[in-house]
Amino acid sequence: MAKSLKRLRSAIDEGSKGCSLFVPIISTIDVTMFIITMFVNSCPQHSDRCILRFLGRCSFQPLVENPLLGPSSSALLKMGALSWFAISQNHQYWRLISCLSLHVGLIHLFVNIVCLLFVGIKLEQKFGSGKLGSIFFLSGLGGSIFGELFLEHRISAGASIPLFGLLGAMLSDLITNFTVYNLKCASFTVVVLLCMVNLTIGIFPDNDNFSHFWGFIFGLLLGFVLLMEPQYGWGSKIIPPDRNPQVVSKYNGYQHVLWVGAVILLIVGYIVGIILIARGIDGSSHCTWCHYLSCIPSPWWKCDAEQQKSGQASCTYVMSGGYMFMRCLNNQRTQLYNGLFSISSLKVLCGRLCK
């Protein structure tokens, strides 16, 4: 029975190689979730400056609010975006996973899908859907866990986190399978260029380069564990008849070292991250400049930090169970409200809280 199950697993794994099923499914989910988010956002109901108003409920927020052509921050929050308060204080841990299918805007969605098709299909055809899916979700989870610690009052759509995980896995494939890897320089260049493009997307509002960085690190470590291949020449080595039979190692010594080290770091990383979230640790309080890595102030859009410096009333809020928790970013005052509120009402309440 055990041998039959082993043969079945082997057949499934081999059958998944050479074809791509996981990447098209994820791409379809991403597009579907973006359309649903735009429908939930319904820009015309709370703004008269929507972009492409002929799209109706799916029209885009004004560029000053979302330069990537997408929904408002409140719509992303409703759909499950990362939020330090929602996760650490309201214990909405499901956001660590739900954020992985959310995009800030149409430009973000386009760049992500192109990169996912370019990198994901190659890895899936080489290693199979099971390994790719494991790296995708586990690196996404690791990135969202550690990224959440530095969000402070901001939110983050996290669809780029598992993409950075795949880029990290692509680099670990190059490192751990160096002796059998073709086009080494070209592959390394691709990883660097795609990271630069996506890090640039990360400086716009409602994105988070901290999550991207940690997604890359977790993807790199997971790649060392899951993508290890036999060393060059293994299986073709023939022992001469005049010599005693000896076991030829399937993997190089450095591959074993990387595997063991990665397993230890992954276990420690997930445990530490979960403990920090459970304790409600706010990493941004220990790094006053870190928010500039995730949103750079610009004349064309607003970051929370810039609004605070200008004296403009700026608030963040989280709705849960018929209640709304609002925090003024100018003076850090907080207030809990009961009921549902329109956008205009939120602005009035924010102004009062920030006086």
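Here the Cβ of each residue, glycine as well, is placed from N, Cα and C on the backbone.
TrEMBL annotations: computationally assigned, not manually curated.
Pulled from TrEMBL:
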- 91-227: domain 'Peptidase S54 rhomboid' (DOMAIN)
- 21-40: transmembrane segment (TRANSMEM)
- 93-120: transmembrane segment (TRANSMEM)
- 132-151: transmembrane segment (TRANSMEM)
- 157-178: transmembrane segment (TRANSMEM)
- 185-204: transmembrane segment (TRANSMEM)
- 210-228: transmembrane segment (TRANSMEM)
- 257-278: transmembrane segment (TRANSMEM)
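Averaged across the domain 'Peptidase S54 rhomboid' (91-227), the predicted model reaches a pLDDT of 88. Taking Cβ pairs closer than 8 Å, the transmembrane segment (21-40) reaches residues 55, 57-60, 70-71, 75-76, 78-79, 101-103, 106, 109, 112-113, 116-117, 120-121, 124, 129, 132-133, 136, 159 in its own chain, all 6 or more past its ends.
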